[in-house]
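The following features are taken from TrEMBL:
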type     : residues : note
TRANSMEM : 6-28     : transmembrane segment
TRANSMEM : 48-68    : transmembrane segment
TRANSMEM : 80-102   : transmembrane segment
TRANSMEM : 123-148  : transmembrane segment
TRANSMEM : 154-172  : transmembrane segment
TRANSMEM : 184-202  : transmembrane segment
TRANSMEM : 234-253  : transmembrane segment
TRANSMEM : 333-356  : transmembrane segment
TRANSMEM : 376-395  : transmembrane segment
TRANSMEM : 407-428  : transmembrane segment
TRANSMEM : 435-456  : transmembrane segment
TRANSMEM : 504-525  : transmembrane segment
Amino acid sequence: MGHFAVADYVIFAVLLAASMGIGLYHALSGGRQRTTQEFLMADRSMRCLPVSLSLIASFQSAVAIIGVPAEIYTHGTQYWFIGCAYILGLLIPAHVFIPVLYRLRLSSTYQYLEMRFSKAVRICGTLTFIFQTVIYMGLCVYTPAFALNAVTGFELWGAVLATGLVCTLYTTMGGLKAVIWTDVFQTVVMFAGQLAVIVVGVQQTGGVSEVWRKVREGNRISALDLNPDPTERHTFWTLGVGGIFLMLSLYGVNQAQVQRYLSARTEKEAVRSCYMVFPSLQLALALSCVMGLVMFARYCGEDHSDKLGTSSKDMVVYFVMDMLQGLPGLPGLFIACLFSAALSTISSAFNSLATVTMEDLIKPHFPTMTEARATLLSKVLAMSYGLLCLAMAYLTHLMGDSVLQVALKIFGMVGGPILGLFCLGMFFPWANSTGALAGLGAGLALAFWVGIGSIVTRSSSTRPLPPCRAVLLSDNMTTAIHAALLNVTLSRPSGLKRFYSLSYMWYSAFNCFTVILIGLIISFLTGPMKEEDVTPGTVYPLLGKLLCFLPEHLKKKLCCVTPLGHTVSKTVNGLHKKISPQRRYIKHV
């Protein structure tokens with residue numbers, strides 16, 4: 001497709017060197033990562049700006065930068081409506097999940113599950129998260145390596161290895177501080193790379209008015225689709241409502257994101273960082289969508305099948321190299337943008353995987369382990385996960401779906417049940433440990449049944465948009481296209497295949513509600529938990545607030561009055577008094 005000039009290699013090398021330099025700086029400064037508190041939690045001393053930029057970088061992976069433009073190019077701007085989900089998807093974590101988790105002074109999100117339920121629930125939650133993250137990391141490592149291979153001819157698996165090793169080294173050396181500050185640097189590079197492609201693309205296509213004319217004639221500007229059919233791949237409801245649950249599973253209970261909240265100096269800083277993510281996420285979504293529209297306008301009516309593979313992500317990389325050809329440095333900037341997105345997501349995952357493994361699976365069994373040994377083991381874990389994720393990258397190129405769809409399917413299939421588990425604990429005081437385990441098991445079983453069923457049957461209710469050249473032809477051709485679309489609609493699958501056709505954007509919501517429903521049923525059958533047995537501070541008074549019109553004694557009977565305190569200091573002090581005996585018991589066991 002094209003080749004790097006010297007300037008491109010220089011820019012790309014500067015990105016990797018700067019990331020390594022930040023890791024080295026934090027390895028040699030401050031406490032030199034000698035304690036697990038510094039290595040895994042950044043000494044709980046981070047301010048809201050770096051935390052918020054790190055939250056963006058963790059979510060905005062190379063998968064999104066390549067996947068979203070390809071989605072817009074192929075199916076139009078309907079995907080843009082996922083931006084509506086960002087509002088509640090960030091407000092709810094800011095005012096519900098962060099107050100509960102921050103006041104408990106946790107290191108691992110899954111410590112909450114033991115405090116609320118039992119050790120068995122905590123271990124199951126941890127193992128589920130590890131499984132989800134390791135698979136997703138393979139996707140994140142592979143995507144930018146594919147792009148580098150396409151534009152430079154650099155060996156694909158050599159690029160995979162380079163990505164994984166650089167990321168593993170600076171994560172292992174510098175801990176969470178290095179991860180957060182490299183995220184800040186890499187976020188800037190991401191936005192710069194996308195902006196460069198858009199500006200040059202618009203210029204070469206003939207200006208903003210020409211781009212707008214072509215995308216309108218090409219039917220790529222999607223109207224608000226209020227179709228309630230859950231098997232429709234993208235509608236306002238699947239994106240705007242189903243997307244909320246996807247966002248909650250990411251920004252509410254995912255260890256990689258929660259760990260950043262917990263590293264903030266105060267609860268107020270953590271909440272503020274969540275608010276600051278919103279405009280940046282909207283900007284990132286807008287850049288990716290506009291890039292897809294410019295790409296469509298540039299190639300409207302042209303056939304490039306002889307230059308491309310079968311994947312839509314090929315088209316994005318080809319577009320970038322075609323636009324930036326003859327502009328030394330800009331191809332390197334875009335590839336640096338992809339690698340920045342990948343490195344930030346992967347490093348966050350390595351650090352969070354090391355944290356949950358250390359805190360949830362190792363420390364409880366070795367309570368007398370010295371701080372020095374625990375820190376060394378945490379670094380070894382971060383490095384081991386890095387190498388494991390490299391192996392997972394091999395599976396990615398075997399997948400037939402778009403990278404964006406595969407990524408969101410993974411989050412929906414596994415993140416949905418984890419979200420359901422936390423919601424069950426936080427909002428329903430009578431849910432017990434048996435119900436939580438049964439709910440998680442049922443949620444995961446149903447998730448994999450639907451997810452694997454959809455992959456095997458390859459069912460999709462997406463109505464393909466006609467290509468630009470067809471729309472610009474005669475009315476007869478347009479009529480033929482409408483007839484073809486009608487046939488697609490009439491030949492929709494039925495029965496079990498229709499169940500498998502459920503939009504992947506509903507996976508998180510569907511699996512979350514499955515866990516809650518099964519968990520509550522089993523809890524009531526096995527004896528609901530009494531309010532006095534619930535660890536103080538682990539339940540959010542959602543039902544108490546929703547049923548505020550009821551008298552106090554009725555709310556008490558319904559177990560709606562919960563132990564979450566009104567102020568940070570009061571709650572923390574209360575937690576120390578009531579949880580310490582439990583912790584001593586766990587330590588003794």
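A Cβ is built for glycine as well, from the same backbone N, Cα and C atoms used for every other residue.
Between the transmembrane segment (376-395) and the transmembrane segment (333-356), three or more CB pairs separated by 6 or more residues in sequence fall under 8 Å, so the two stretches touch. Here the listed stretches are 6-28, 234-253, 333-356, and the one with the most C-beta pairs under 8 angstroms to the transmembrane segment (407-428) is 234-253. The recorded stretches the transmembrane segment (435-456) and the transmembrane segment (333-356) do not share 3+ CB pairs below 8 A when only pairs 6 or more apart in sequence are counted, and are therefore not in contact. Using a cut-off of 8 Å between Cβ atoms, the transmembrane segment (333-356) and the transmembrane segment (123-148) share at least three residue pairs, counting only pairs 6 or more apart in sequence.
For the transmembrane segment (504-525), the residues of the chain that approach it from at least six positions outside its boundaries are 82, 230, 233-234, 238-239, 241-246, 248-249, 405, 408-409, 411-413, 415-417, 419-421, 423-424, 428, 430-432, 434-436, 438-440, 442-444, 446-447, 450-451, 454, judged by C-beta separation under 8 angstroms.
Contact counts against the transmembrane segment (80-102), taken as Cβ pairs under 8 Å, peak for 234-253 among the stretches 6-28, 123-148, 184-202, 234-253.
Non-local neighbours of the transmembrane segment (234-253) in the same chain are 55, 59, 75, 78-79, 81-82, 84-86, 88-90, 92-93, 96-97, 109, 224-228, 274, 277, 408, 411-412, 415-416, 418-419, 422, 462, 503, 505-509, 512; each lies 6+ residues outside the stretch with a CB under 8 Å from one of its CB atoms.
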